[in-house]
Each structure stands twice: as C-alpha cells, then as structure tokens.
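Written out below as structure tokens is the structure these notes cover.
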Amino acid sequence: MKDKSQIRVVVGMSGGVDSSVSAYLLKQQGYDVVGVFMKNWDDKNDSGVCTVTEDYQDVAKVASQIGIPYYSVNFEKEYWDRVFTYFLDEYKNGRTPNPDIMCNKEVKFKAFLDYAMSIDADYIAMGHYAQLRRDEDGRVHLLRGADDNKDQTYFLSQLSQEQLQKVMFPIGHLQKSEVRRIAEEAGLATAKKKDSTGICFIGERNFSKFLGEFLPAQPGEMVTLDGEVKGNHFGLMNYTIGQRKGLGIGGDGKSNEPWFVIGKDLKTNTLLVGQGYHNEHLYANSLDASKLSFVDDISDCGDEFHCTAKFRYRQKDTGVTVKFNEDRTKVEVIFDEPVRAITPGQEVVFYDGEECLGSGTIDHAYKESKLLQYV
C-alpha cells in the first residue's frame, strides 16, 4: 500500500468553492495534489466579462494558498467535437439535450482523466456532490451525495466502472454549508464566491440568443390539438415540453388556466400547446430510452427489474419497471404512476436506494402505449 504522499491526485479546479475545498481537503489528508484548470470554451458572458480569466485567477490564488502546483489545460477541441456538436444536433432534431451529462462523460472524466494519467496521476478528483463505495475486489458503486439538495449523481450517471475507479469526490459526504464553512475557516479566496449556473463550461448567458448564434431560428405557429392557432413561436429549439414561460398566450380558451408546451411537430414546424399545468397530454405512463450506460454489470437482473428513476435533475424519484430489448441496447421504462413532461433528449437515471445504477437517453414518451407527440 502506497503512502498517501506517494499517491498523486489531479484535481479539476474550476475556480469555484467546491473544487477549491476538494483540493484543500486532499492536501490536508497528505496526498500529492496537483490542480488543473480546464479551458473548454473561449468566450465572454453576456456582461462582456471573460469569466475564464477570472476563474483561472481564482484557481491560482487558491492553489498558492494551499501550496499545490497548478496548470491550465485546453480542451476546447474535445468539448466542441464530443459535446457541443451533439448538443446542436439534438436541438436540430427538436429534442432537449443535457450537455452536462455528456460533458462529464466525454470531457471531465475522459479527456481530463486521460491528461491526468499522462502526468502520472493515480486518481483525479472533482468537486461533485456524489460518493463512491469501493468493494474489496475493486468494484466501485456510485452513491448519492450526502446533501440531498446538491446531489449530482444525475449528471454522473453515464460514467463507467473504469472511469469511476480512478475518481475521488472529496466533498461528497458534506453538506454545502459545511463546504462553505471549511473554505471560510481555511481563508480560501473562493469562500464567498457564488455558485455557477448555466450550461457546462459555457456559463450564464441568454440561452435563446446563444443558441441562435449556431442554429438559425425558424418561427412558426403555436397550435392547439384542435387546430386553433394561438400565436407564433420563435423556433422550436427554444421550447421544451411542459414549458410555460415565454409563450405569450393569455389565459383564454375554455378556462383561465395558463398555457404550456405539450408537443412539437417538426414536419410542420408547429409548437403544440394546451391549457393547464395538469393537462392530460403532458402525462406519460412509459418511455423508451437508448444510449444506455450502467456503472456496473447488471446482467444478473435479468430482462427486467424494478427500481426508482429521475427524469430531470432534483426531481423526486419515481418507481419504475425497466425492460430490456432483445440485444439490451434499449429499455422500456414503465412508471408506477403517471409522470409529467417527459422530455426526449433528457436522461432517465436509475437508482437502487442510494446507489445510482446508470442511465439512458429518453427517445419517446407514451400514454397507455400511444406515442405522445413530443417531437
């Protein structure tokens, strides 16, 4: 068994408090820690501020404070080729992708992991709110973070056993408030820095405007299922299933209830809308999914198994039955109770209690075996 001082851990440092505390804790525990800042997008935010420069300066400050070397590595090409082109293709096809999941799978835990191994790392570490349990035989289990409100296993659900065996999550057992407290007590420069939001690496900006720079918007009609035109949309890519905001339709019609997106018709470039949060056309009983990835071999589960699932981040778990197709490349997921606004392109993530089993990308939603006109 190596002494901790001989175990090199390369920490992905974003300039935020979570990765700062991750690096600090590992250093305190005696590991050989190296900080690496990933540069994956070359741009300014909507305020004209180059946040990449600011973030790297924060990494430099924290690394100096805790006494570790730090570097910046450019993964712009990998991000564009492996994540952003997929992101754009999904939007072109009327779907709503989750770039953070693909970003973790292809950049943070693949391109970055490969780089870390090239500089003799034993592990990489990230500031994610997730936990790992390691069996005696070396197998790794991905567990929810201790902070229910911050748990990020949803975004890590496409990671493989091989990837996770080389990973540490130093703050996964902590509450966010504890992470802030540790940062403040250690005097870290990022202790009071606000959490980042927005698309992985791209940051906070007007999303429709940003998307329009790469995909020209094609306006069309907003129509009810009865064929009544209610107005015009600004391009199907700007809307997602269950969306209310931005439709610009008053509460007219049969009731005074607000209007929601209930589907998209790509052939006619039509946005389908309906009234009421609990509109029956927003509820599905099942879905099918592909691009499956499981953390560990689940062949002993047979052709079907029961577990819980999430269909979007921070959503309450729903009981489901998962049925594999013949070659186990796709699954049918049947819900214990109807679920609102199942969205093609998003991820269905499977759980067994606290353990994240893996996930698949949602292709279609169904109500009583009838395909819902979501795309």
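One-based numbering along the chain as shown.
Cβ from N, Cα, C; glycine included.
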Look at the ATP binding annotation in Swiss-Prot, where G12, M13, S14, G15, G16, V17, D18, S19, G127 are given, and name the residue from M1, M38, M102 listed for that site too. M38
Measuring Cα to Cα, tell me the gap between G12 (ATP binding site) and H128 (site 'Interaction with tRNA') in whole angstrom. 10
Here the recorded positions are C103, H128, Q346, and the Cα closest to that of G16 (ATP binding site) is found at H128
Quick one: of the recorded positions C103, H128, Q346, which has its CA closest to the CA of M38 (ATP binding site)? C103
Maximum Cα-Cα separation (Å), residues G12, M13, S14, G15, G16, V17, D18, S19, M38, G127 listed as binding ATP: 16
Pull out the recorded positions from the set C103, H128, Q346 whose C-alpha sits within 10 Å of the C-alpha of D18 (ATP binding site). H128
Can you tell me how far the Cα of H128 (site 'Interaction with tRNA') sits from the Cα of Q346 (site 'Interaction with tRNA'), in Å? 20
